[in-house]
Amino acid sequence: MAHVVVGFERVGAAAGDLVRLASAIDAANAAARVSTTQLLAAGADEVSAAIAALLGEHGQAYQVVSAEAAAFHQQFVRALDAGAVAYAAAEAADASSLQTLEQRVLGVINAPTNALLGRPLIGNGADGALGPAEPGPGGILWGSGGHGGSGAPGQAGGAGGPAGLFGHGGTGGAGGPGVTGATGAAGQMGGAGGTGGAGGVGGHGGLLFGNGGTGGAGGVGGTGGVGGQPTPPAWLVPAARAAPAASEAREARPDCLAAPVNRASTAAPAPTALPAASVAPASPKFSATTSPAPRVRASTARTGSTIWARVIPAERPTGAPGRSRR
């Protein structure tokens, strides 16, 4: 029975190359169409005209053949592309069925050793989970050890699983990151960040053949804590001020019945008294005219602190006081 192995990736790439080649041929045929099908006669004689017509017929025949070749080329590209897709689908179906069959066969073979020794006879060990979980060892006869799991914060990573007779040891797990430092109290420094966990140890290689596993990377150190707020000195703290005493009396409003309370303030100066009116000498025709003293109108206006008076002078007569009109 013959077996055929097909790389469908290469088949798909070849189909793409053929598509680009067809595009280049079509462009060349289009550029040569006019110059090969519509030739001008070299002269006015009949021989030149016959030669030009013959060459034009050959050019038209070439265009017909090139169109048929382009159609065949397209059909070939489509068939090649469809074949690549069919091969890919068959490969996927066979792979899934083979994997299922392989798992079933290995399950039957490894069942006794798993029950007695806790490890398979053939096969790779399972990878360790996050934290301190240990990975599975490789098969006793054939298989590599599982990879160690990553460590928790501040903890070391898990060690790689050992191999059997043939196989490589598992890679150690990465160490956990350091924890963040605590926040400092008032006026104190912040706490130091935690140390990162150590990387896990690589697993042992096979007894007959195989390399040991690579050790895991160490964890990154934690971030330092934030420092506390500084305590200000005593001389910067302002002293507490006493609350002002309540006023014993308040200003009286016009609509209040309580008597007003005058506060100490600078009183306005009292109005200056005007001199008495002078009397002119007696006249036989006119009597002496006296200028009355200015009249003071008491206008009291209460403010918040004082009582003041406004002096309004009386109106003067038309003539000058103390003079007689002749």
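From the backbone N, Cα and C atoms, a Cβ is placed for every residue, glycine too.
Whatever TrEMBL says is automated annotation, not expert-curated.
Look at TrEMBL and you will find 9-93 tagged as domain 'PE'. The domain 'PE' (9-93): residue composition by secondary structure is 77 helix, 0 strand, 8 coil, according to DSSP.
Per-class residue totals from DSSP over the region 'Disordered' (142-172), listed helix then strand then coil: 0 helix, 2 strand, 29 coil. The annotation region 'Disordered' is assigned in TrEMBL to 142-172 (among others).
The region 'Disordered' feature in TrEMBL is assigned to 282-326 (among others).
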